[in-house]
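Per TrEMBL, the features are as follows:
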- TYR35, GLY95, GLU128: S-adenosyl-L-methionine 1 binding site (BINDING)
- CYS41, CYS45, CYS48: [4Fe-4S] cluster binding site (BINDING)
- GLY96, THR97, GLN155, ARG167, ASP192: S-adenosyl-L-methionine 2 binding site (BINDING)
- 26-270: domain 'Radical SAM core' (DOMAIN)
Amino acid sequence: MTSIETQIQQQPRVPQSLLQMTEPIQDLLETASLYLHVPFCHTRCFYCDFNTFAGMLPLREPYVRALLTEIALAGQQAQHEDGRKRRSRTIFLGGGTPSLLNVNQITRILTACFQSFAVDENAEITMEANPGTLNQEQLQGIRKVGINRLSMGAQSMDAKLLKTLGRIHSPAEIVQAVRFARAAGFSSINLDFMFGLPEQTMQHWQETLKQALDLRPEHLSLYSLIVEEGTPFMDWFKEGRIIPGDEDLCADMYEYADELLRQAGYVNYEISNWALPGYHSQHNLTYWQNLPYIGMGTGAASSFANRRFSNEREPATYIKTLKSGRLPEVESEIVEHAQAMSETAFLGLRTAMGIHLPTFETRFKETFAQFVGNRLQRVEEAGLLEYEDGWLRLSDRGRLLGNEVFMRLLPE
Ligand code: SF4
């Protein structure tokens with residue numbers, strides 16, 4: 001056995017850095033991560049069902065002005081009773097295509113966040129970008145104003161498959177965007193890729209992963225294609241014009257990627273996410289640990305102060321609402337205590353770390369074992385769970401069964 005094989009075999013599945021709770025849960029529950037949605041795209045990709053709009057680029061400036069108003073109003077609403085600003089550990093500009101905004105607009109959005117929230121000095125500040133919309137000057141500009149993590153929708157390294165998806169960029173532009181980002185000083189880059197695409201073979205996938213690893217991104221998100229209602233892909237699927245990869249091929253592609261990335265030093269810390277040690281996404285962990293977040297912009301969702309709420313989805317209506325000085329909230333529900341427990345457990349079990357049992361008990365004033373009752377023993381006996389240093393997580397067998405374990409374990 002070579003030394004690298006020995007190292008891999010000895011490597012724990014979850015590194016210590018991920019098994020340490022960075023702060024007491026009561027402090028984390030007092031924070032709010034910020035998500036800012038930018039709903040514009042040049043054109044719509046054929047598979048996309050996100051709340052995004054093509055042909056609306058002239059609305060960018062009025063939209064940014066509305067977003068600034070929302071940030072100020074949301075900041076006021078989220079203040080503590082004694083008037084202190086709400087602390088934020090992460091900011092995420094997502095979309096849509098935030099890289100369609102200019103540096104001035106991004107600067108104003110970040111400044112508004114810093115004015116209305118107490119943003120940590122070392123906060124993780126991510127921006128999503130489409131490789132077809134980036135240039136060196138813009139990347140230098142956004143790095144300078146505080147964006148310290150870049151997340152790019154690369155999707156494939158195969159030119160033909162990118163066309164099939166309706167992407168506006170080429171594989172060469174992905175490579176160039178990463179080079180520009182490195183030159184601009186980005187030391188934390190995520191690349192998104194998709195598998196199970198129509199006519200994508202195992203060989204295409206292997207080649208994409210090889211080329212992706214040559215770029216040495218700190219983080220990779222790999223998603224299998226889901227054909228969503230209301231997309232051109234769904235119409236073409238129904239007409240028999242496209243056939244996505246079947247379940248077996250997708251499972252093989254996932255396993256191949258997991259093994260390859262593990263050998264390359266990445267940790268699979270959530271079902272679809274791999275990171276080099278220390279580069280897991282703090283913002284995404286906010287969602288998976290069921291911590292508070294405030295979403296702003298069209299269609300953005302929030303989970304804050306025991307409430308889940310979401311915004312108006314359509315840009316013109318969103319802008320009009322904020323012009324009149326009102327928050328654009330359109331849907332809201334109270335999150336009951338038991339629901340919060342169930343969701344925290346479900347989300348935690350999707351991660352490689354699992355659920356931190358002492359934290360769960362401190363947070364909900366009840367142990368996890370009390371919460372799930374005698375279901376726990378049955379699932380344990382089936383070998384679907386494992387424990388390590390206070391963490392409870394799915395065993396390898398449990399990970400294979402995924403949703404079935406959740407159904408067996410969690411109260412309805
Ligand atoms: S660039 Fe992203 S958000 Fe925009 S249409 Fe394509 S997949 Fe959807």
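Here the Cβ of each residue, glycine as well, is placed from N, Cα and C on the backbone.
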Given CYS41, GLY96, GLN155, ARG167 as the binding-site residues, which ones have a Cβ positioned under 6 Å from some atom of ligand 1?
CYS41, GLY96
Would you mind reading off the Cα separation of ARG167 (S-adenosyl-L-methionine 2 binding site) from CYS48 ([4Fe-4S] cluster binding site), to the nearest angstrom?
10
Could you name the residues, excluding GLY96, THR97, GLN155, ARG167, ASP192, of the same chain that surround the S-adenosyl-L-methionine 2 site, i.e. Cβ within 8 Å of the Cβ centre of those residues, in sequence order?
CYS41, CYS45, CYS48, GLU128, ASN130, MET152, GLY153
Hey, of TYR35, CYS41, GLU128, which of those binding-site residues are within 10 Å of GLY96 (S-adenosyl-L-methionine 2 binding site), Cα to Cα?
CYS41, GLU128
Specify all same-chain residues, apart from the site residues TYR35, GLY95, GLU128, whose Cβ lies within 8 angstroms of the center of the Cβ atoms of the S-adenosyl-L-methionine 1 site, ordered by sequence.
LEU36, HIS37, VAL38, PHE92, LEU93, GLY94, GLY96, PRO98, MET127
Can you tell me the three-state DSSP label for CYS48 ([4Fe-4S] cluster binding site)?
coil
Please identify, among the binding-site residues CYS41, CYS45, GLN155, ASP192, the one with the smallest Cα-Cα distance to GLY95 (S-adenosyl-L-methionine 1 binding site).
CYS41
